[in-house]
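Engineer: One structure, as structure tokens, below. Some questions next.
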């Protein structure tokens, strides 16, 4: 793979899921990669081991003699000293999505979009193609144990990636197959209205060439609204609404799911997933429909889905003992994702006590969706809400907005046990004392709440295995 005379790439915010995936692909393709992030961790350590030069914090001199600087939509260019230094030095500065668009020019692109389920569905399609011997190149915004990372550079023609709607990033991509998993209100700071968001998805879908295909889930009302505006071939999938590819006979048993797929007038029973939840069945349908379009034999699709082993931070079980006590870590941060994670726990472990530990993500999202979070958390037996993970936002810009809004919303929705605990150590101590019997402790959020799940799992492993 060549990008003109480019030999060295500097990535600002290299520790992020999407940025680290680009870094891994560039490293594997022989490019020199440097990068900076405010904090270090497992992701930056892995990149360093693969040959990247990683800096903690941002400094102008770290740009060095890079040929191009890449940054994510979460970065404010005018406030970043590295980007300013690059511009002053005449070094091209581009967003992540533009780099992705360039990388796609060398491959047959399978792009997975949607408000929810992008990472899991992308990983399912990747696993299916690898098991079918297609050797795809894969870029996922998360870490897959099966893939041993977030990126695989294959020798085949397919490039399978997530297509993120944030900041209209996916409109830079040129998919041959465009998957639309789900669609509802999200990123209103970018779009303003659901109508504008829907228009963006229509534009993304219609970028598919005449020989490509759009694969979309008709269980979402907003997707049903966009279908009449598609001017490309499309395949539908769903569970509740009539569709070209459907699931039935679903059985949930702990962290496993079984179901039958109906497609093209045929039935394929006994499809098995090693992940729980109705939402994962839906993700598998998207992968199944994609496989059929790519000409993969149904039995090989099913074999690939069976090999899918989940993603880190997607209902990741970090601790499980013989007494039925589990620690689960999940990336859920939108109300629909939170609801799906709680439902997966409730359906898979119907006799267990479900303890939900939720960290809201972004002040703007918490303010907009507080009531929806209340309803989403309602099926948990105990609910503990941490303070908000701010990410790119500042608390001073959102006076009066805190995790207490979510706890209050749970009570408003009829929940009896919901508590806001801002102090992180107190939150940990409270959760640690919860299990008295079969219990699923479900940590949810896109921020640093994951560290508490790791700490709790580690402590219980040491405590109960001693």
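Just so you know, glycine gets a Cβ as well, placed from its N, Cα and C.
Residues annotated as ATP binding site in Swiss-Prot: 114, 115, 116, 117, 118, 119, 120.
Please situate the listed features within the shown structure.
Structural biologist: Listed in sequence order, 181, 182, 279, 334, 336, 337, 340 are the same-chain residues six or more apart from residue 116 (ATP binding site) with CB atoms under 8 A from its CB.
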Engineer: Determine, for the ATP site, the additional residues of the same chain whose CB lies within 8 Å of the mean position of the CB atoms of 114, 115, 116, 117, 118, 119, 120; present them in sequence order.
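Structural biologist: Surrounding the site, in chain order, are 112, 121, 181, 182, 283.
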Engineer: I want to check the contact list for residue 119 (ATP binding site): same chain, sequence separation of six or more, C-beta distance under 8 angstroms. What comes out?
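Structural biologist: Those within reach of residue 119 (ATP binding site), by Cβ under 8 Å and sequence separation of 6 or more, are 17, 140, 141, 142, 162, 311, 314, 331.
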Engineer: What number of additional C-beta atoms lies within 10 angstroms of the C-beta atom of residue 114 (ATP binding site)?
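Structural biologist: Taking all protein chains shown, residue 114 (ATP binding site) has 25 Cβ neighbours within 10 Å.
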Engineer: Among the binding-site residues listed here, 115, 120, whose Cβ has the fewest other Cβ atoms inside 10 Å?
Structural biologist: 115
Engineer: Might you list, by sequence position, any residue in that chain lying six or more from residue 117 (ATP binding site) with a Cβ less than 8 Å away from its Cβ?
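Structural biologist: In sequence order, the residues whose Cβ lies under 8 Å from that of residue 117 (ATP binding site) (at least 6 apart) are 181, 182, 279, 282, 283, 286.
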